[in-house]
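Chemist: Below is the structure I would like to discuss, written out as structure tokens.
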């Protein structure tokens, strides 16, 4: 409570006093030795009587103004009901740079949807293409030069919007309903974002203009301090970094494990193409609907798996229910397929057509596929941490793929095709410079655009000159960033099969566009004929790999980074660590161990369990020995066989391992 003196009052002076703090807990973890957002000597100001009288019990004069907060900041954030959603919004608020950016993005997505639907309807119904293409004269042409004007081409709204065909009426009706639901959802999200804005300002003491200067690690430190002071979670007095990550990434960890254990189908054998990895946003969304978000999903709320899934005796019935649920979800996808496919065509065209015309070389650029982002992701790895690793490996991966010798015949044809098309295009450009009326010649612009596109495509297949290519070294360096590649690739980086499999992870962007475009057509059949027979595996997976944590809820057991339960025997250097359960059937192997190393380096204040601490110490001990051997010119042997050592000694997450008290003793 603040007391403000009225005019003319001079009885009080002010001095600094220590701010009141909540009682500390004996098991409180020490904070980082780095930036401390809540200094211990922070002070508040409170009025103090000169003559020693108690300023809080004196009778206030009529001219004294009371300013009483509407709600105490100490109780406002106490016991947040859905901490998963709350922490996720806190994380997204930081990553997406505040209230204005987040709200504006959702509003503009609504505007974009209206534009795509309206503009498509306009092009379909309100343009007279026969007049535009000069197949018939304008109805009311008044231009004495005979040129066609925009007014001649446009059909009046009173004509073009009357008598709409039935299929178009259905599409517009569905689009209107969908947009209305999105509008309600957007308004709800804006209120949620405003709540997070207040939380950042009042509890974390971070304002939007400071977000660019604050790291997620700083936000997490303040978030843990707010938990100790205001008890966001009433089930625990303190939240560890692992608790926060488990809540933000609860379902993502399940998805990573489903791919890691090959439960979710991502690999298909196609005629003439062989093995193909296919995983799209549509498939990912349907997986989330099936397991996490749907009204009949195994999770009855975001943090609790239905109890029957933990009982082995109930699994036959649950398998039948899961099978029926996947089947009907596939049927719904099949019914909505025409509308979704139409939207995909329109959205893809409006998004990428201008980009391809302006820079056709974009079709030859590669990026990490959606499947790769799950396959290469650590357990408990946030989105920006994953982006950082994969971005560092992007240029190296491009060099590795482009270094493979292209088919000699294809190179020869591409060089000559580029020469012929370039010669014709050069003549057209020269004629246009000489006389711009050349542009009025029929099909001249279309010809120039087509020639430019052919040249750009041909250049993709023409290798660069004066490039030294060392595939083994490049792939070895790529592993230092992505951390996971099949062990069978060692020594075969120069071979075409390895190149093709790596290309499934690091694929052409245009291939991703085509896969997403075809997703509405293929997803229903994948659900019905591929995922439905795996219903038992899904039920068994949820029952076998779900554990209940106090104050956190049900999480994927892999997310606990418990190497005693999910360790891989070939990755352990210390024989004193006894594994309760071997998990040697992971793909790639050692994911739990590398996830543990990554999480510890990213969160230096986190204290792992005893077995994990021993493993980390043995890893760093071995890394130090191999580093010393490398400096002495004796690098080889075991080190070359250890992708784990390669990951540790290579560029890591931007966190100095020397700053970590668990990993640093032997460094």
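Keep in mind that glycine also has a Cβ here, set from the backbone N, Cα and C atoms.
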Chemist: Tell me which range among 466-487, 488-509, 510-531, 532-553 TrEMBL lists as transmembrane segment.
Modeler: 510-531
Chemist: Which range, 383-402, 443-462, 563-582, does TrEMBL list as transmembrane segment?
Modeler: 443-462
Chemist: For the annotation transmembrane segment in TrEMBL, which listed range does it cover: 143-163, 164-184, 185-205?
Modeler: 164-184
Chemist: Which stretch does TrEMBL mark as transmembrane segment, out of 284-304, 305-325, 326-346?
Modeler: 326-346
Chemist: Mind checking which residues of the chain, 6+ beyond the ends of the transmembrane segment (409-431), have their Cβ under 8 Å from one of its Cβ atoms?
Modeler: 438, 444, 447-448, 451-452, 454-455, 458-459, 461-463
